[in-house]
Every structure is written in C-alpha cells, then in structure tokens.
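Chemist: Can you read through this structure? Questions will come right after.
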Amino acid sequence: MSIQETDAKVILTHPDNQNTSVTILKYGATVYSWKMDGEEQLWLSTGALLDGSKPVRGGIPLVFPVFGKDETDPQLSKLPQHGLARNSTWEFLGQTKANPPTIQFGLNKSIANPEMTKLWPEEFNLILTIELGAEFLKTAIEVENPSSFSFLKFNWLFHTYLKIADIEDTMVSNLAGMKVHDKVLKETFIDKHPVIQFQGEHDVVYEKVDDDRVVQVVRHGKPVHTVKRENLQDVVVWNPWIEKSKGMGDFQPKSGYKEMVCVEPGHVSDFIDLAPGKVWKAAQILSKDALKYQAIQ
Ligand code: BG6
C-alpha cells in the first residue's frame, strides 16, 4: 500500500522505493516529513506541536490568505500572522495518480477554522496536490473564487523549511540583482550580493523573481536543495538565527537555526485579486537537481 491514512495524517510512499515517502498532517495540510531514499529533506522542530493546537514549526506550512501580519486591508488585517490555512484541518481527498503517487487535500470556508472564518468571511476553495517523485516533491495549489460577484484578494506562500547541515557554510544562489524588502532592516533596495550567506537573522522578500530563476541551496559547491517555482513571483528567505529562535517556544533545539533555512516561494509582495468564478494555480518543486549557473545581473 503506498498510502496510509490515520485520523491525523497521511503517509505516501513511492512504489519504486520504500525509503522515499512524504508525511502530511491533515491540520494545515502540512507536509512535515519528506524522505528521499531514506534521507530527510525538511527541517522539523523537535518542539513542533502535531496535535492541531498550533501551526507546525517546520515542514511546509501553507500561508493563505495573507503573508505576515497585514496592516492595510480592513478584512485581512483581522487574521493572525500567515492567515488561516495552516490553522485549519483540511479534508483528505484521496489519490489522483498511481505513479508518481499523487494525492490531494481540500479546504473551503465551511470546514476551515471557525475562529478565523469569523474574522475573514470570504468564500474560497483550495485544492493542494502533492506529487511524490523518486527524486522530487511537487506541491501545487489551486485557489478558486466561488463567488459570482466579488473579487478574492489573497497572498499565497509555501513556507518551506529546508534541512541543511550547517547554516554557516550554506549559500542560497540565483537571487542576485532582485528588488528586496528586508523585514529585519525594514528597508527596500536592490540586493547586489552574488549569493546569500548567513551571519545573522535573515528575513528578506525577493520580489518578482522570474520563474526560470532556479533557487538553489548550495554547500561546498554542491546543490543541497533546488527550488523551482510555477507562477510564484516572490521568494522569501528566512533564518531566525539566535535571538529570534529564543523567542519562539516551539523552536527546538535552540541551536536548530543552524540546521534549517526557509526558502519560501509565494505571491506576497502584492495581492492576487481573483475575479469571480476564476481559479489561480501555482506550484513549487523541490529536488536536488544539478547545480545550474545562471546569469547574474
Ligand atoms: C517568515 C517571515 O515567512 O515566517 C518571518 O518572513 C516570520 O517574518 C517567519 O518570523 C515565521 O513566522 P511564524 O508565524 O511561523 O512564527
């Protein structure tokens, strides 16, 4: 059996390799483990709560309909940081393809967290498709606006926590020359650094990055992670470093910042305004594809 379902989670195993699997918590439809040939690819805090009492600290939490804490929109600003998708229990819709094994989860207003739909009363239909390749993991999202008269305004982001060996000798490449919003400095500027290196808290939104720029996490000249995007214009790169980790109760161990970097493909530097009856689609594909040198502006 390549799919195991319990009340709380779904485990999908690759038919050609029992050591390649993905585990998804129904709460948040959060992928919290992805093993490629036995090797875990995602970082998960040892203090992460998997009981549905708070969003998972690690894996791939889903951010919708707002990234961060909005302060401008009268409705979206009522929602907590990163919205309601990661705090809602999604419905497991079953398998849609045998190989690569593919499954879907759904969320809409009627089953989403009622505390939050009270604050943001929009109608929406989300379908998350998870495809487990022998050497990749694709997570794709469809957002449908079921209204016949009003627009749906939202952000989307895959908050992907990648597992790494050591942040101090890890680089993130192919984001040079982008307009960035640095959330630590609270400044917007063009980042001319040829690669991203980490010496402290890093919380930066790289804006309007062409999909054909493949973002790579590189260590000792080898790609540790390769992140491809479909219709996701922005990339957030986040590492909380020492002080910020201390302030997060569920971030464990406190030295865990050394072993993770978030590369978060999303549409967050502006809002998507989806017309009535329309569907918006996007995806991220994680792999270890060979290093690809790209022109630096
Ligand atoms: C990142 C944000 O996407 O998520 C950071 O850019 C934020 O500012 C981080 O601290 C974690 O957010 P949370 O709500 O999961 O603690």
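Heads up, the Cβ atoms here are built off N, Cα and C, so glycines get one too.
Per TrEMBL, the features are:
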type: ACT_SITE; residues: His159; note: active site
type: ACT_SITE; residues: Glu264; note: active site
type: BINDING; residues: Arg57, Gln81, Arg86; note: substrate binding site
Chemist: Restricting the comparison to the recorded positions Arg57, Gln81, Arg86, Glu264, which residue's C-alpha is spatially nearest the C-alpha of His159 (active site)?
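Modeler: Looking at Cα distances from His159 (active site), the smallest one goes to Glu264.
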Chemist: I'd like to know which of the binding-site residues listed (Arg57, Gln81, Arg86) lie near ligand 1, counting only a CB under 6 Å away.
Modeler: Gln81
Chemist: For the substrate site (Arg57, Gln81, Arg86), what does the 8 A shell look like? I mean other same-chain residues with CB within 8 A of the CB centroid.
Modeler: Lys54, Pro55, Val56, Pro61, His82, Asn87, His159
Chemist: Of all the Cα pairs drawn from Arg57, Gln81, Arg86, the residues the record ties to substrate, which distance is largest, in Å?
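Modeler: So the binding residues stretch over 14 Å, Cα to Cα.
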Chemist: What is the interatomic distance between the Cα atoms of Arg86 (substrate binding site) and Glu264 (active site), given in whole Å?
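Modeler: That separation, Cα to Cα, works out to 14 Å.
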Chemist: In sequence order, what residues of the same chain, 6+ apart, have a Cβ less than 8 Å from the Cβ of Gln81 (substrate binding site)?
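Modeler: Spatial neighbours, sequence-distant, of Gln81 (substrate binding site): Gly68, Lys69.
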